[in-house]
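K.L.:
Here's a structure for you.
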Amino acid sequence: MKRAFILVLDSFGIGATADAQAFGDVGSDTLGHIADQCAQGLADNAERKGALQLPNLSKLGLAMAHKESTGRFAPGLDERADIIGAYAHAAELSSGKDTPSGHWEIAGVPVLFEWGYFSDKQNSFPKELTDRILARAGLDGFLGNCHASGTQVLDDLGEEHMRTGKPIFYTSADSVFQIACHEETFGLARLLELCQIAREELADYNIGRVIARPFVGPGKGQFARTGNRRDLSVEPPSATVLQKLVEEKQGRVVSIGKIADIYAYCGITDKVKATGIPDLFEATLEQIKQAGDNTIVFTNFVDFDSAYGHRRDVAGYAAALEYFDKRLPEVLALMQEDDILILTADHGCDPTWPGTDHTREHIPVLVYGKKVAPGSLGRRDTFADIGQTLASYFGTSPMDYGKNFL
């Protein structure tokens, strides 16, 4: 019975890539810098203290993959762990360092074209675009029109939004158009309708995602995003390994978290909603228990990126990693004879790095299975090696990019 479980620790980079200079990210290292700050006592909070402790990830080869990427061991990680999995560090072939590019490449389809971007920090959006969106939505104005941190923009504009009913439009260094609205005063359904209008009006701009950012709270300092985020992505430019499994093998692909949104529902047969790392983990365990032959269970743990990476919260990121690590044996205990588990990431988001954007880094590729030989798989030239490996494993037609590493 063929089953594969892909767990994406969103933003968990393990050291800058050779092309990081083009992105302003030379020296970035999400894992290494978190470990450094933990070792120095600079990442203590109510949940954790001291050196970074990731014994189970280290057994799967995380410490070794990081060393092969950066030339050094991350302090606190067990460099003498008995390795039980295959491990690698992978570079990105895609032109960007964004979520769709990383995920599509993982599934065998790198993004070799250039996304459209809203590069101006202020007055970011063309007036003709926003005029069309507002007219179709029956709105008389909007707030923002800038690059912004998703949490800061709520403090800056949330109260005015509640008072005026004007949505908050903002963007970032990624190919995104983001809309933040209060779930209670503006309405969630209305926000999602507005995002659909924006998605349609952005057809000629080559923007990767429109993101609905609903929030709640009475006022500044008390606003909080909810779990009802939606990502409206464009479709991948060609068939991913997910689509091939479904179409060629009549297989199942179970999306947990925002996976379905990222792939614009292409190649997704089942969607499980869960928010927050504990709930995402529980949903993953439940779906592994239920999974039959020719099934991929695919989970994105977005909080590593959204709650800790972008917010530059080193202690929070470290605590979340340690929580994930402690629960990892629960996944391993459910593995059957022919199963494959792949732990990976889609880009970096170094919480010690200037700004709030992603970082261009290698991703870990940690592979475990009872029939997987432990040891180094070296440096992989593209995330698409994961997709090609899955294509070979499930017996679908091969992908155009990537090499099978098993």
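Along the chain as shown, residues are numbered 1 onward.
In case you wondered, yes, glycine gets a Cβ from its N, Cα and C as well.
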K.L.:
Return the residue out of ASP10, ASP19 that Swiss-Prot annotates for the same Mn(2+) 1 site as ASP346, HIS347.
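P.N.:
Swiss-Prot lists ASP346, HIS347 binding Mn(2+) 1, and from ASP10, ASP19 it also lists ASP10.
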K.L.:
Going by Swiss-Prot, ASP305, HIS310 bind Mn(2+) 2; tell me which of HIS358, HIS362 is listed for that site too.
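P.N.:
Among HIS358, HIS362, only HIS358 appears alongside ASP305, HIS310 as Mn(2+) 2-binding in Swiss-Prot.
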K.L.:
Counting only residues 6+ apart in the same chain, whose Cβ is under 8 Å from the Cβ of HIS310 (Mn(2+) 2 binding site)?
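P.N.:
Listed in sequence order: SER149, GLY150, CYS349, THR356, ASP357.
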K.L.:
According to DSSP, which of helix, strand or coil covers HIS358 (Mn(2+) 2 binding site)?
P.N.:
coil
K.L.:
Around the Mn(2+) 1 site formed by ASP10, ASP346, HIS347, which additional residues qualify by having Cβ within 8 Å of the site's Cβ center?
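P.N.:
What remains near the Cβ centre is VAL8, SER11, PHE12, THR99, GLY102, HIS103, ASP305, ALA345, GLY348, CYS349, HIS358, ILE363.
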K.L.:
Any same-chain residues 6+ apart from ASP10 (Mn(2+) 1 binding site) with CB under 8 Å of its CB? Would you list them in sequence order, or say none?
P.N.:
THR99, ASN300, PHE301, VAL302, ASP303, PHE304, ASP305, SER306, GLY309, ALA345, ASP346, CYS349
K.L.:
May I have the list of same-chain residues other than ASP305, HIS310, HIS358 whose Cβ is within 8 Å of the Cβ centroid of the recorded Mn(2+) 2 site, in sequence order?
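P.N.:
Sorted by sequence, the hits are ASP10, SER11, SER306, GLY309, HIS347, CYS349, THR356, ASP357.
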